[in-house]
Ligand SMILES: [Mg+2]
Ligand SMILES: [Zn+2]
């Protein structure tokens with residue numbers, strides 16, 4: 001039976017790749033099916049800020065033509081050629097607007113492609129569009145977007161996580177099989193957790209940041225968003241690697257065996273026998289919802305029952321991670337966002353009255369162009385870096401970073417991977433925490449340590465609580481991203497090893513809501 | 001209570017070039033106070049002997065060869081400019097003189113700070 | 001400070017330099033920015049080029065576009081290390097870049113990537129040679145790497161920043177690699193402070209030129225000096241408040257600016273006023289400084305280590321290999337050249353003062369004798385340059401031209417006077433010297449027939465002179481040379497004329 005558009009979008013990226021290769025489906029069909037899905041549900045979900053149907057279909061048609069031509073041209077196609085993808089609107093794209101979720105960049109057209117976008121284009125993946133996010137990636141709910149909040153496909157009254165709520169929701173709602181996200185303190189993993197998708201924060205430097213609009217340079221990483229661990233790994237394989245435009249990106253030689261291992265291959269491992277898994281004492285207990293902890297315990301049981309060795313590890317400095325993060329991140333962000341001043345590009349706003357000097361135009365532009373959360377972080381960061389406070393705040397936070405790295409080092413002596421719930425809660429209702437920045441910040445308590453230490457982390461669905469997805473996070477030492485794929489793939493198999501469809505397939509049908 | 005005053009926030013907003021109304025300053029002051037109170041305990045944790053880590057991975061000496069790559073045409077450079085004139089970005093008058101700017105009629109060179 | 005007090009201070013009488021130095025001890029400080037002559041920029045691959053159409057030597061990095069990242073130009077780092085070594089500095093084993101944050105429209109990211117507490121080179125010195133040959137040591141605090149800013153043009157009716165309607169920004173210069181050399185406070189200069197300032201900047205210029213790391217053309221802003229001046233009462237032990245005169249862009253201007261600031265400070269201080277810590281701007285046309293921006297507590301650059309760049313680690317092997325390749329230091333080179341050329345001390349000093357060492361060295365390398373090279377550069381070329389109001393070095397005379405002119409003289413094809421004429425024609429674009437001589441028939445009249453006829457005519461018209469010569473007054477022949485020259489349109493060789501006269505009188509000069 002020929003696949004229907006609806007069944008097409010429910011395939012995994014790996015399955016799409018296989019069917020494209022055999023000619024069972026075309027990329028145009030596949031891309032059109034996703035565009036149709038976007039047309040049907042995105043008014044509700046608001047995962048996309050910009051949809052680029054024409055461009056996507058052109059790429060798809062060209063891939064189909066290459067495939068039809070056969071021979072070397074078809075053989076040289078990347079495995080993901082023709083598989084559509086969505087891109088977080090923090091990552092710059094030539095020919096499509098990039099807004100960073102901010103009024104500041106409304107209408108801005110990047111004159112260059114991010115390195116990851118170049119790779120996507122080289123692999124000839126149709127780009128469906130740009131996904132919604134908290135303004136400049138500052139938030140954990142995608143409510144701080146100048147383009148309206150994104151809704152969680154599992155419950156449209158709830159948040160999809162953030163800042164990459166758009167990418168996660170798009171993938172969860174079958175608007176895209178794959179997406180790119182960025183993760184500064186959990187912005188790939190936490191949305192993954194609350195939307196029942198898989199998201200990876202690679203080792204810092206594992207993926208080029210060139211073209212990712214910077215929030216906090218020493219923490220930001222681009223990573224894959226998918227519905228399965230294998231799909232995430234396939235995309236990770238494509239985007240990983242050294243980039244001479246990013247001084248902080250890792251050369252192949254930096255990896256343990258002098259090369260970047262295949263993450264897709266790691267994701268095919270289904271065996272956890274003998275794997276030492278460390279449970280982080282500080283990332284459970286108070287502050288975590290009971291339902292989240294139950295799913296977490298069940299996951300541990302499954303892993304233990306299948307031969308994994310579960311140990312508890314103590315990371316005392318994690319108690320200071322949130323504080324350190326909320327000093328380092330805003331400090332770097334306050335600097336990175338200084339460039340938005342209405343001189344070279346983006347919005348320019350004139351003061352309503354008084355002298356029309358550049359100083360005042362900059363002030364008015366930044367007052368009108370930035371939302372409240374962005375302003376809060378800029379002011380906080382300006383404070384932490386200002387004369388007389390640097391040592392107490394920024395300096396102390398950088399020391400905490402050292403302590404966290406030491407905690408991880410000690411933990412990884414005892415365990416191959418570490419595990420925790422990804423997020424302390426399931427998706428919370430929209431507007432629930434909008435007026436309480438501190439409560440909002442607590443969402444990232446489990447994801448932040450990995451960013452501070454630069455190590456890789458993944459969030460994989462761990463079941464439902466109150467009908468909403470719960471995420472399980474695996475962490476590995478720097479450059480050992482393959483380990484998180486191994487552990488996550490194994491857990492994914494264990495949890496889906498029954499007659500029921502995989503968790504991601506259980507997302508409510510959204511047509512009913514829209515129509 | 002936090003050590004952050006409204007005057008501090010006003011100064012920070014000036015440094016950050018964000019125009020703020022009185023109401024915004026009030027609100028920001030109280031929000032910032034709460035946040036700063038919650039993060040300041042990082043000061044207790046690390047002793048003087050702990051080195052700072054400003055970069056997650058210990059890379060050093062990443063250099064580029066001194067080779068010319070691409071440059072924009074003036075048109076490309078100015079494509080996103082809010083305002084432009086004579087192949088240059090146009091900005092409102094500058095009050096705070098701290099540059100080597102030249103008048104339109106007497107070109108000369110000058111310097112950085 | 002209010003405008004009124006500002007005006008009052010601006011109006012304070014300048015004290016004479018002599019009185020100022022009598023009353024106060026000047027303390028100087030220098031921040032010299034050197035633009036490197038790399039092919040590409042400090043952190044981007046856009047071209048580092050001067051004088052092109054605005055905003056065409058920029059790419060997304062230089063414009064501070066969202067998502068862009070810097071990558072350090074390795075050659076600029078090597079240049080910085082080499083300069084550090086030439087300044088006798090310690091090279092940091094490990095150093096970093098930092099962000100210096102302030103909003104200004106010529107600064108695309110609203111921060112300057114610079115070095116803060118970890119400069120690549122520190123604790124050095126340079127020995128500067130003063131006009132009388134005395135050596136004065138200036139201690140170097142640090143030399144650090146950074147990037148240049150874009151260029152602003154203020155438009156509007158006034159043509160000045162104050163009252164300008166708007167400004168225009170060209171980012172071509174944004175991101176050009178700079179090394180900033182910061183001196184330690186220079187004390188004990190006394191009345192020689194202006195001279196030391198000039199000699200210091202000139203020495204830095206020579207050093208970077210010698211290293212080949214900068215074009216070192218001050219008129220293009222390749223080397224720019226901020227000169228700090230403060231005065232203290234002798235024995236006070238505490239430095240006075242300083243002013244910082246920005247972008248003094250010629251060697252002479254440095255000397256004048258320091259002189260002016262010493263006189264201005266002295267005037268204010270003796271009138272009971274106090275010096276405002278501020279930046280001042282050098283005005284070449286009036287040779288004065290004017291008030292710039294007052295330094296205030298609001299200056300808070302919020303430096304922090306640039307997270308997009310990784311630290312630089314210098315191994316001893318790397319540093320030593322760069323040290324081994326250093327060219328001869330300018331002071332040493334000067335000593336060597338003076339000896340090789342055999343110039344008198346005063347002659348050599350004049351050459352240095354005129355900034356013509358390189359030109360003479362090159363001319364000698366092209367085959368001219370040191371004496372001939374000096375004669376041309378210090379004589380006719382300097383005279384022409386003066387007449388045209390430019391530095392002799394940039395007049396446009398090539399060493400090869402001088403050699404060619406000299407060869408023509410040696411061959412007797414032209415004389416000195418014609419040679420000067422040919423040089424001027426050459427500078428006005430008439431072509432190569434030999435070509436000019438040929439095109440315009442400027443060869444010395446040496447065929448004996450024509451010359452002899454002219455001499456005979458002159459002798460006939462000046463019998464009294466002939467009598468004097470006959471009487472043994474050989475010097476009187478000079479009176480005949482004028483008429484002969486006139487007859488031959490200047491193309492006669494004076495020596496030859498003398499020879500013919502004596503011949504005709506059957507006399508011998510010796
Ligand atoms: Mg300076
Ligand atoms: Zn500087």
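Cβ atoms are placed via backbone N, Cα and C, with glycine included.
Summarising the annotation, TrEMBL assigns active site, charge relay system to A:88, A:163. Taken from TrEMBL, the feature active site, acyl-ester intermediate applies to A:187. Residues or ranges marked as domain 'Amidase' by TrEMBL: A:29-484.
Around residue A:187 (active site, acyl-ester intermediate), a 10 Å sphere centred on its CB holds 37 further CB atoms from the protein chains shown. In the three-state DSSP reading, residue A:163 (active site, charge relay system) counts as coil.
In the predicted model, residues of the domain 'Amidase' (A:29-484) average a pLDDT of 97. Secondary structure at residue A:187 (active site, acyl-ester intermediate), as computed by DSSP, is coil. A strand conformation is recorded for residue A:88 (active site, charge relay system) in the three-state DSSP classification.
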